[in-house]
Amino acid sequence: MAPAISMPPSKTTTTSFLLANLHCPTCVSTIKAALRESCAGRVKWVSPNVVTSVVTVEHDPTASLMEMHKALEESGFEVCGVTTSAGELLDMPLVDSGTAAPQSNHGEGSSSSNSHPQDTSRPGFALTRWMTASRFAHTSPASQSQKAQTHLLNCEQCRSAHSYGSSEKHNMEENTTHYTSSTLNTTAKLGPAPRPQTTMSSKSFIVIETDEDTSVQPLWRASLAIGGMTCASCVNIVTNELVKRDWISNVTVNLLTNSATVDLKDKERAGDLVGAIEDLGYEATLDTVVDVNQEKRDKIPQLSDTWRATLAIGGMTCAACANSITAEMKKRDWVRDITVNLLTNSATVEFKGATNKDKLVEAIEDLGFDGAVDTVVNVVEEQAEDHERTVEIMIDGIYCDHCPLRVTNSLAGFRRHLEVITPPTRQRPIVKLSYIPDAPSFTIRQILAGIEASDPEFSASIYHPPTLEERSKLIQQHHQRQILWRVIFTGVTCIPAFTIGIVYMSLLPDSNMSKHFMMMPWTSGISRSQMALFIMATPVYFFAADLFHRRAFKEIRSLWRRGSRVPFIQRFYRFGSMNMLMSLGTTIAYISSVSQLIAAAVDHPPEINDSNFYFDSVVFLTFFLLLGRLIESYSKSRTGDAVEMLGRLRPTTATLVEWYGSDKEGDLVVKADLLDFGDVVRVTHGGSPPADGIVVQGESNFDESSLTGESRLVKKVPGDEVFSGTVNKDSSLLVRITGAAGQSMLDQIVKVVREGQTKRAPIEQIADLLTAYFVPAVVLIAVLTWIIWLCLGFGGRIPGHFLDVSSGGWVAFSLQFAIAVFVVACPCGLALAAPTAIFVGGGIAAKHGILAKGGGEAFEKASRVDCVVFDKTGTLTVGGEPKITDSEIYPKDTQEKDAVLATLKAVEENSSHPIAKAIVMFCAEQTSSKAQIDNLQEIPGKGMKATSQGTNPEESFELIVGNESFMQDFSVSVPETTTQTMQQWKSDAKSVALIATRPIHGPGSGAWTLAAALSIADPIRPEAPHIVRALQARGTRVWMLSGDNPTTAAAVAHQVGIPADQVIAGVLPTGKAAQITYLQTTLKARTGGNTESSTRRAMVAMVGDGINDSPALATADVGIAIGSGSDVAISSADFVLVKSDLRSVVTLLDLSALVFRRIKFNFGWALVYNCLAVPVAAGVLYPITNKGVHVRLDPVWASLAMALSSISVVLSSLALRSRVFGVGFRERKIEGSPSE
């Protein structure tokens, strides 16, 4: 027997960094090197994603997030958010309002990041600065001041405080109106804190866990308002300064609220905090100092008085014992419910009053049994695991320090289980709380109403912090706006540049007066046209192409900074990114042209040929580069649209049926996020349930194609589940909510697909390797191109007529080829080849009811599957509720028929196995007699044994029920006629259950005799034979794995079309994984000619649904779980089929093959483009002439070609969505499939 597979607990932490400037594959290489160097040996896996701008890192828990963050920023990347498996989302949201954060003038804090505001008077910074605004400053300062005055009139405490003087009022107004910045915190740890939990802010930037320490020591928490912070550097400066003091236990600085929370060991030192912060150049005001330990003492949870106890009971031997305990317990009015389990010798009792737990044991012992309490839990706390909801509530109208206390007091008035996790403050008017809803009397609606009732100025609403995907979308939109403004600015400049540089110079005749005026030398032989182009090119170079220059400068500075861990030699062959190539191309063109101007100013020649200048090329180069990047950014953002559309299926409002079933019943339209567990909503024709629920009234048909991909309508009756995102196609019905907002099946699908999209395919390692050396190679080629053409020209190796410039000679001539090489080379296509296709493929799969949990790696493996292994029960068969179809009972050879069936029914009632339920239903139909049993035993995987107590000793007997192997263990003789009957049943693909008895007293008491034989039928899925044929037609071998007997398994295989030699039967649950491993080691992969490879092993996929399938799903190369299966099976799978339809298996394999083919096509195209474009740009075709003109790729057209290369790769991936044959994905038409 194969040993059971056990997985060791994970000791790896996963952290995701959201970056604002992750664009190309060279960035990927830089990021990997920086992170691995910063945490040497502790970083296990780094996965930068250029589509989502998210870098996923798997590392040891000992690796410092601060070090990784610092390494990224020192490498020139702008970190905008972090999420870690040990904490919650941390962010720096960007908004496009025009309110900039105040500027800081204190060294590093004001200059180290692009996110810092700049002087708005300078025209360039109107395009380059990061613009931020307060999350809460929705109105102007004047409006805020007016609100504060209105609040003052309605707040007695504020009026009392106001009497201290106008200066205090001024300070209050200033503090009310000047809180702006993007959310960015840091939490630093200075040693163990007294709270046994993770210290974090809901808006933290970096989370560091606090060590657990249950000792109680004096601790005070000080809240401070800090002015002058503008960026992450400011936050770090304040944090690093405070943590140096040994009397400080913990520091949390929040850039969003311009505040800090500091845990002190000495209350008297609170005033020193203000001085320490002001010494750094910031403004600081001490707000409050509270005793943390007192807060703990004051927190008294309000629990219900209903408890659930689990007891161990000794001495139970039969069902009568269990019945007597149940009857005795129910006599007590404080016992609400009791369940006694004879097999496990235990009982679960729900009762009122914690003091009654001792009475439970006394009552059991009074009946003559042994009893012991195992666990006692409060029912409310236990329910919290399933129904507890944690929300954040934003309160508008908080203007003073008394308001947060008023909010907290209003929440304390609820006599329910409600816990305030994070109280509101004046700086951050958001309260975070958890509660257990009890609709309709206690829901989030009552909580909001309670807060608003505490003050007429309060307006409460649920606050939804943006998710990582939403933040990523904001980053993309912000980046697109940055580029868009530059494209507009450069595009406007292109019009006069085109007029002067192209129309005047090339198209107009020399006799044209305006051309004559523009082309005449103006000063030092320089024409007016070139001076005009110089004036236009200069702002374009500095204020539009600055996007490339600044990032290239950061990359170089990071590489050569003091203390850099990059080996000295490696700095020469692994450096740079696309930004560097673009910056070099425009810089060489601009600097060489400016040099010509300076030379002319020194030499004063009578005339200079306009072809010696590249000012117009600077403008056109920048325009095409920016335009290409804008289109590329927009196209990349479209790759995740399919999953985003799924998320948009959630309705935002719902029709709530208030007080359902009472005289107060009525309809009310509310926001969907105001619904709670237990609420009843009305779903009208054409509407969608706002959350998952159960139908309580009415019948209708639902379109569930958005979740399952199945277009057929599904009938819903009372008791059936309905899901958010599906559409009601018929009459209105009432649904009781079973999952709050964010917990629906739709939300889980979106979450799984998005997680899968972040997982990279192994083929991307090829792109990483190529792009790591791409920029140095291009720089080398460009320099060699310039030198070679220079040497050929000066050495006389090429004809003189090749020289097509009037001044600058061979230097200027060869420089054009070098610029073209810099500009045309593009590694972006290599980086986008795989992630864009995976993103689109994941969205298409979700539309067809397939969740790609394994991401790119799963798609790659699924595209190469050679063998598909199906589990039998519940996969090839329907599963669910099998039925007894045939029976043979032998009362002449054993006890009376009614006694046997009654005992069999009593035994199987203690089992939850589907076959046991079928036997119970069969016995109930055959007899109404009852039996008393004891000594019940269950033998896993084989059967059960019990003793039936008759009215007298002669009528008592033992009974066993199970499979043939179980009968052999007890030496039960099976007649030949019964064996033949069973063989026929097995041939019909039916399972067999045998029953044997043995009298306890009298003659023959030592021998077991066969009493009955039953056949159990589990219908085969109607689509199974067609799926097997479709898989075999595409060259995929199909195997079946079953724990059933070989004959039944072979019969099922025969019916679905699986060859008998490809069936593995009689496998115990612990042995399924071993059988998958056996197939992986023995089967060989198929080649293109459908012949076996001699070297490469087969890629094995496993399709299953049950708990015992999870080890096999995890062992297989590709695990595919049917959505109706267990959560354990789903968690072990690479793909999840939302609908229980095997046709999705074929769809999955076809889609995976298409996605992987598209990835290879994208890679091929990107490689071919660079292999062809770079030589052409270097001038290999220059000797060829066409109508007297040499064939060359000018720098301007090279920039356009570069832009089109990356755009074409993205469009190639997006084409997967089309249904054009050979281009997009089309679902295979399988024989026997129902019509759509």
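Backbone N, Cα and C define each Cβ position, glycine as well.
All annotation found in TrEMBL is predicted automatically rather than curated by experts.
The following features are taken from TrEMBL:
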type: COMPBIAS; residues: 102-118; note: compositional bias 'Low complexity'
type: DOMAIN; residues: 13-80; note: domain 'HMA'
type: DOMAIN; residues: 220-285; note: domain 'HMA'
type: DOMAIN; residues: 307-372; note: domain 'HMA'
type: REGION; residues: 95-123; note: region 'Disordered'
type: TRANSMEM; residues: 483-507; note: transmembrane segment
type: TRANSMEM; residues: 527-548; note: transmembrane segment
type: TRANSMEM; residues: 580-601; note: transmembrane segment
type: TRANSMEM; residues: 613-631; note: transmembrane segment
type: TRANSMEM; residues: 769-795; note: transmembrane segment
type: TRANSMEM; residues: 815-840; note: transmembrane segment
type: TRANSMEM; residues: 1163-1184; note: transmembrane segment
type: TRANSMEM; residues: 1196-1216; note: transmembrane segment
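The stretches the transmembrane segment (769-795) and the transmembrane segment (1163-1184) meet in space: the count of Cβ pairs below 8 angstroms, excluding pairs fewer than 6 apart in sequence, reaches at least three. For the domain 'HMA' (13-80), the model's average pLDDT works out to 77.
With a cut-off of 8 Å between Cβ atoms, the residues of this chain six or more beyond the transmembrane segment (527-548) that come close are 123-124, 127-128, 482-483, 486, 489-490, 493, 496-497, 500-501, 504-505, 517-521, 579-580, 582-583, 586-587, 590, 593-594, 597, 608, 610, 613, 615-616, 618-619, 622, 625-626.
Taking H, G and I as helix, E and B as strand and the rest as coil, DSSP gives the domain 'HMA' (13-80) the counts 24 helix, 22 strand, 22 coil. Secondary structure counts, DSSP: the domain 'HMA' (307-372) has 25 helix, 26 strand, 15 coil.
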